[in-house]
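Okay, structure first, notes after.
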Amino acid sequence: MAAIRRLLPKSILGHFSQSNPAFVSSPSNVYNPPSFRLVARRGLASKLFVTGLSFYTTENGLSQAFSQYGQVVQATIVMDKVSDRSKGFGFVTFASADEAEKALTEMNGQTLDGRVVFVQHAKSRRSTMRFGDGMPIARGPPEPSEER
C-alpha cells in the first residue's frame, strides 16, 4: 500500500480512492483492473475467436449479435494500428463457458453485417507463438560472396 502511494501522483491516487475507495485497498488493482481479473478467472473456455468480420462491424454490434446466447462480458475487434481499420477478427467473452459454447455452435457460419463469420474457442497467445514471434531475429549483413 505504501509503495503504491509513493509511485502514483497524489492527484491520480486521490481521484481513484475518492471514486472507488476499494481501488487502493489492493496493490493488485494498480496493474490488474477488475475487468481483466474477471476475464482471467473465467479462463479461455468462455472466450471466443471470431473471424470474417466486416470492416463495418463495431464492437457494440458484435456484442449485440452474440448477446442473444448469453451475457457478453467483453467484445473486442482487433484494429490495425496504422490504418485504424478492423483486421476482420475479434474476440467475444461470455460470463460462462456454457454460454460461449452455445454461441459457438449457433453463430459459426452465420452472416453478420453481410459477411459469413467463423467462430472458434480462443487460444492462449503462448500456445500459438512460434519461434521468433514477438522478437526480432538479428541475422547481420549478408555474407560476402566468394566469386570475384
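From the backbone N, Cα and C atoms, a Cβ is placed for every residue, glycine too.
Heads up, TrEMBL stuff is auto-annotated, nobody curated it.
Note that the coordinates shown come from a computational prediction; the quantities given were computed from them, not determined experimentally.
TrEMBL has this to say about the protein:
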DOMAIN    46-124  domain 'RRM'
> Taking DSSP states H, G and I as helix and E and B as strand, how many residues of the domain 'RRM' (46-124) are helix, strand and coil?
Replying inline: 21 helix, 30 strand, 28 coil
> So what's the average pLDDT for the domain 'RRM' (46-124)?
Replying inline: 96
